[in-house]
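> These came from TrEMBL, pasted as-is:
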TRANSMEM  B:18-36  transmembrane segment
TRANSMEM  B:42-66  transmembrane segment
TRANSMEM  B:86-119  transmembrane segment
TRANSMEM  B:125-149  transmembrane segment
TRANSMEM  B:156-177  transmembrane segment
TRANSMEM  B:189-212  transmembrane segment
Amino acid sequence: MAEKKWMPRWFYQLASPRWCYEITGKLLPWFFAAAVVLLIGGAVWALLFAPADYQQGNSFRIIYLHVPSAILAQSAYMLMAVAGAVGLIWKMKVADMVLKSAAPIGASMAVLALATGAIWGKPTWGSWWVWDARLTSMLILFFLYLGVMALNSAIENESTAAQASAVLALVGLVNIPIIKYSVEWWNTLHQPATFKLTEKPAMPAEMWLPLLVMVIGFYCFFAVSLMQRLRNEIIWRERRTGWVRELLNKQ
Amino acid sequence: MATCRREFLLSFRRKSDLVNPLIFFLMVATLFPLGVSPEPGFLAQIAPGVVWVAALLATLLSMDALFRSDYEDGSLEQLLLSPQPLFIVVLAKVVAHWMMTGLALTIMAPLLGLMLFLPSEGMPGLMLSLLLGTPTLSLVGAIGAALTVGLKKGGVLISLLVLPLYIPVLIFGSSAVQAAVTGLPLGGYLALLGALLALALGLAPLAISAALRISISS
């Protein structure tokens with residue numbers, strides 16, 4: 001083919017469910033080990049050894065769950081939208097499956113972020129919930145996840161369902177910058193972002209290092225659960241093909 | 001535009017579709033004094049939000065019908081096959097739909113404002129914010145309608161898909177009315193509503209056409 005290749009080879013290989021199944025099978029143990037080590041190590045470090053906040057005492061420690069889950073909820077949405085776009089443009093089956101697998105994980109991360117935020121807000125702000133820009137936009141993100149999931153399950157034809165939810169996910173992408181900048185655009189109770197790429201965090205290193213470990217651990221955990229779901233989805237959708245039958249017969 | 005004219009003709013021939021959202025709008029607004037409190041001072045306080053929520057729900061209710069009948073009798077496929085760019089056709093359909101619902105709601109809104117004791121200073125703000133906000137509602141709602149048109153029961157699903165996207169419009173719309181009531185400048189809110197409308201005007205027809213193609217292809 002004289003056609004110019006725009007994308008690296010692995011990108012095209014990812015389009016093959018079988019190749020994708022095999023490569024995720026190889027990557028899975030590594031991510032699993034990394035997630036276990038980072039999450040346990042980070043949690044022990046954060047809960048036992050990090051110093052207590054001088055104003056909030058020990059209650060601040062919930063940020064070690066809150067911040068990573070909130071970051072993940074947004075990242076998962078972006079991943080979902082990117083997968084949706086890839087699925088719409090290149091008509092890749094695997095991208096459709098990624099979209100479908102990422103939505104429930106992202107939704108549970110959003111719930112976790114909202115719940116931990118509420119638990120933290122009760123002793124600190126004095127109420128479970130405040131109708132503030134950050135919180136509301138996070139809630140909208142959760143609703144968007146639910147919408148994608150509802151649409152995906154309502155349409156019976158698998159490829160139509162995937163395409164329709166991809167369009168919806170892309171439309172909902174508008175919300176992500178709103179969440180990101182809500183603490184900067186509006187005067188709200190919620191404090192600004194903990195981590196920025198360009199600046200040093202405002203907390204001492206003993207406090208933010210475990211947080212960073214937790215964030216990376218959450219990403220690894222996300223990768224693990226996404227790959228698990230993806231592999232299930234691949235097996236289910238490709239159940240009529242030869243290689244899946246062979247695989248199942250071997251077991 | 002021919003599509004626009006056809007839409008008008010169709011909806012005038014079926015008057016109930018035209019009037020139903022308006023009646024719904026009126027009824028929702030009636031529920032609040034009965035359900036919450038008939039006290040004028042309190043009603044005046046919640047009036048901006050109530051009128052906006054009622055307008056939003058009325059728009060949402062009418063959304064399901066936007067592509068439904070065309071889908072059922074096959075004319076939607078003809079529209080997709082027609083030589084005109086789909087962007088324009090879709091935009092014409094939505095504009096026609098908005099004139100039937102959003103514009104009518106805007107014209108009816110002062111009546112509801114009166115029922116809810118909205119101070120008269122708030123009326124221009126209410127009208128202007130609805131005028132700028134309801135087209136966005138129609139455009140965004142049409143995305144949901146296009147995504148669900150192939151399904152038997154699209155009604156509830158549309159609300160699930162579209163309501164989260166309506167929230168920003170609701171926030172800025174009711175804030176504009178609130179600002180007008182208290183005598184604050186409302187230019188900023190109206191500008192934000194206008195920005196949302198511009199964004200929706202440019203991008204929503206693309207999403208609607210993509211969604212229609214997906215729904216039709218199955």
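Placed from the backbone N, Cα and C atoms, the Cβ positions cover glycine too.
Remember, it's a predicted structure, so these values are computed and weren't measured experimentally.
Tell me about the surroundings of these features in the structure.
Within the same chain, residues 17, 20-22, 24-25, 28-29, 32-33, 36, 93-94, 97, 100-102, 105, 109, 112-113, 116-119, 122, 126, 129-130, 133-134, 137-138, 141-142, 144-145, 148, 154-155, 158-159, 162-163, 166, 169-170, 173-174, 177-178, 181 sit at least 6 positions outside the transmembrane segment (B:42-66) and bring their C-beta atoms closer than 8 Å to a C-beta of that stretch.
Beyond the transmembrane segment (B:86-119), the same-chain residues lying 6 or more positions past its ends with a Cβ under 8 Å from any Cβ of the stretch are 1, 3-4, 7-8, 11, 18, 21-22, 25-26, 29-30, 32-33, 40-41, 43-44, 46-48, 50-51, 54-55, 58-59, 62, 66-67, 79-80, 126-127, 130-131, 134-135, 137-139, 142, 177, 181, 201, 204-206, 208-209, 212-213.
With a cut-off of 8 Å between Cβ atoms, the residues of this chain six or more beyond the transmembrane segment (B:125-149) that come close are 48, 51-52, 55-56, 59-60, 63-64, 66-68, 71, 76, 90, 93-95, 97-98, 101-103, 105-106, 109-110, 113, 118, 157-158, 161-162, 165-166, 169, 172-174, 176-177, 179-181, 186, 189-190, 193-194, 196-197, 200-201, 204-205, 207-209, 211-212, 214-215.
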